[in-house]
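Taken from TrEMBL, the feature transmembrane segment covers 12-35, 98-116, 153-170, 176-196, 217-238, 244-265, 272-293, 299-318, 339-357, 377-399, 419-438, 450-474 (among others). Annotation comment: TrEMBL describes 51-99 as domain 'NADH-Ubiquinone oxidoreductase (complex I) chain 5 N-terminal'. If you look up TrEMBL, you'll see 115-385 marked as domain 'NADH:quinone oxidoreductase/Mrp antiporter transmembrane'.
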Amino acid sequence: MKCKMQIFNLNFRGLWLVLSSFWVLGGALMFLSAFSSLKESSMMVLSTKLSISNLELEISGLGDFYSMSFSGVVMMISGSVYFYSLSYMETEKYFNRFMTLVSLFILSMLVLIYSGDVVQLILGWDGLGLSSYLLVCYYNNSNSSNAGALTLMLNRLGDVGLFLSIYVMVNSSHSINSFMSVSSAMGSLLLFVAFTKSAQLPFSAWLPAAMAAPTPVSSLVHSSTLVTAGVYVLIRFYDSLISVLWISLIVGVSTSSLATLVAMVERDMKKIVAFSTLSHLGIMMSILSLGWVELAFSHLIFHAFFKALLFLVVGYWIHSSYGYQDLLKINLLSSQEPVISALGGVSMMSLCGLPYLTGFYSKDLFMEASVQFSSSLLGLGFILSSCVGSVMYSIRMFLMVNKVSSVSSLLNWGGSFEFYQLSMSLLYFFSIVGGSFWSNFWVTSGSVLYVFWEVKMVIISLIMCSGLLGIYFSNMGVKNSFLSKLGYLSDMSIHLPNVLSKVLMSKSVKLDNSFLSTYYNKYYSVEGGKYLLNSGNLSYPELILVMFFFYAMLYVLSG
């Protein structure tokens, strides 16, 4: 029986290999085709009618530069993740089940991207929520189950918002184009929907919890699928959000600032990358709220490439160290496998916005534009600190992973190394030249920003200073420093959003006759907040100072 199962898995392994190649080639073709549509300023609307008994449904697909380019990126990253999974998950007993769930997850994202009406949008949105729940709780243990329940419950709030939007549109058309002229109340509802899916405050608690999923899933979730769906929807409905964009600015800057601070003190590699994603999602929200739609979409594309590569590299490091994720227990990886460490270094440099890597073409432009056009000095300070903070935690993680220690790491160099290299090679290529390739075509459309030389020097100086600080804190291990007192933020980032969500969730727990009491006690109990004061990391004056810090930021930005 065991022999038959192995033969069965081997046969399907070839099928997944073919499907991986299809995703990569199809995605590359779609990505290149998007630029031809940009050059011709064309948009395709495919529509078909489906009749079921007396019910007639019209299904439409919207094909323009945004949908074609983003779907191409999703398909290329999906193919890379497929190749990666062939080695990373090769010992998994239910490998075919896992790959099927990943395929369902990808197809749901593609349905959402090409949706031409809100009904189809909800199909993709719901498909993402269901498949993400099944993948987060894939491993049969209590932590995965709790994380899956938290992810499902918070994402359900966004689903309710979309159903309410359908209710508003019942007496009108279901077309997305006719949805652009909705009221500010509907714009606020759309923001709420996007905040839940893109893990913005106060709904960010589920993103670190989703790290319970296998690493290939995390790479997809954090680069180009689940968390970016909210940003993509806001880009699609941007014209209906103009009157409420100030909310997006406040929430985006707050989320980015808090996530950056947490990443600076976190020791878990996967959580550092997760908080990095949260920070960049806040940056995307901030860019979009300032009216730079093209720049927000560009950063969405660029972030997908280098963040997917970074997650695959981190997953390889963890897999090769027998599951250890603590930075203090992993070292000398560069000497054991320099190629993978070099790929990780490139992805981190692109994340930092190093000239002239992919991340530079959106992140640097956003910082320069913020310096040149910002009217709030304190708000500008938060925006710049969130952007340059990525340099600090990236350098800190890279140096600590490759440090020389008296205690050597446990190394397990198992799996097919060829699949690892193959999965990362395409992402590595786009992490280097993707931004240059993209900007060459984007400039032809007339989207050019000229900045003063002094502004550029300010940005470069900030990046260099933050890099030096990252080296300093990696050498001292973040001990006996101000950042050591920020250790509570890692815990606060989980419990504070849960406390803020308690008002919404407590009534649900009562109505379900304590069916969800296990998950509620795990994630929504205010008892977890006692860590802030009982651990000795934070005194009452410091707590008051931190809360005043964030409230002052909200006040200045709203003014």
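In case you wondered, yes, glycine gets a Cβ from its N, Cα and C as well.
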Average the pLDDT scores across the domain 'NADH-Ubiquinone oxidoreductase (complex I) chain 5 N-terminal' (51-99) and report the rounded value. 81
Can you see whether the transmembrane segment (98-116) and the transmembrane segment (419-438) are touching - at least 3 CB pairs under 8 angstroms, only pairs 6 or more apart in sequence? no
Between the transmembrane segment (419-438) and the transmembrane segment (299-318), are there three or more CB pairs that fall under 8 A, provided the residues in each pair are separated by 6 or more in sequence? yes
With Cβ distances under 8 Å as the criterion, find the stretch in 12-35, 244-265, 339-357, 419-438 that has the most pairs with the transmembrane segment (272-293). 244-265
Test of understanding: applying the rule of at least three C-beta pairs under 8 Å (pairs 6 or more apart in sequence), is the transmembrane segment (12-35) touching the transmembrane segment (339-357)? no
What else in the chain is close to the transmembrane segment (12-35), if you only count residues 6 or more beyond its ends and a Cβ gap under 8 Å? 65, 68-69, 71-80, 82-83, 85-86, 95-96, 99, 103, 106, 426, 441
